[in-house]
Amino acid sequence: METAGAGTGQPASGLEAPGSADDRLFLVKGGIFLGTVAAAGMLAGFITTLSLAKKKSPEWFNKGSMATAALPESGSSLALRALGWGSLYAWCGVGVISFAVWKALGVHSMKDFRSKMQSIFPTIPKNSESAVEWEETLKSK
């Protein structure tokens, strides 16, 4: 019994095909890039919020870094717990939205997704002119 793609060099389904090495490399690079951007964004947001809180009221910031009888949990451990839950909710939310868009478009691979997005959104015109010369643009007159 032959599969639907036998003889044509095409697999019967997208699940059977391992994909080319270039496609896998593209996926890995894309995943690493998105993970790095997400981690950098989370870290920058957390550090910015922490520095603003310390700048606004340093005495309360220092008071919140140690657990007391009135507050059994220190402010920093509470903040780290909130960061953990917030990160979990953010990752799950983005995953659910991505999955919903993927299923709504009815695509089965990244190539299908790319072609579907290119058909939905307008094309970006390629400008044959050279890039803007910033030195001349920003030069004071």
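Each residue, glycine too, has its Cβ placed from N, Cα and C.
Here Swiss-Prot flags MET1 as N-acetylmethionine, drawing on similarity to another entry.
Residues or ranges marked as topological domain 'Mitochondrial matrix' by Swiss-Prot: 1-29 (among others). Mean pLDDT for the topological domain 'Mitochondrial matrix' (1-29) in this predicted model: 63.
Residues or ranges marked as topological domain 'Mitochondrial intermembrane' by Swiss-Prot: 51-81.
Annotation comment: Swiss-Prot describes 103-141 (among others) as topological domain 'Mitochondrial matrix', evidence class similarity to another entry.
Long-range contacts of the transmembrane segment (30-50) within the same chain: residues 79, 83, 87, 90-91, each at least 6 residues beyond the stretch ends and with a Cβ under 8 Å from a Cβ of the stretch. Positions annotated as transmembrane segment by Swiss-Prot, on the basis of sequence analysis: 30-50 (among others).
Sequence annotations record features per position, and here Swiss-Prot assigns transmembrane segment to 82-102 (among others).
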Residues of the topological domain 'Mitochondrial matrix' (103-141) by DSSP state, where helix covers H, G and I: 19 helix, 0 strand, 20 coil
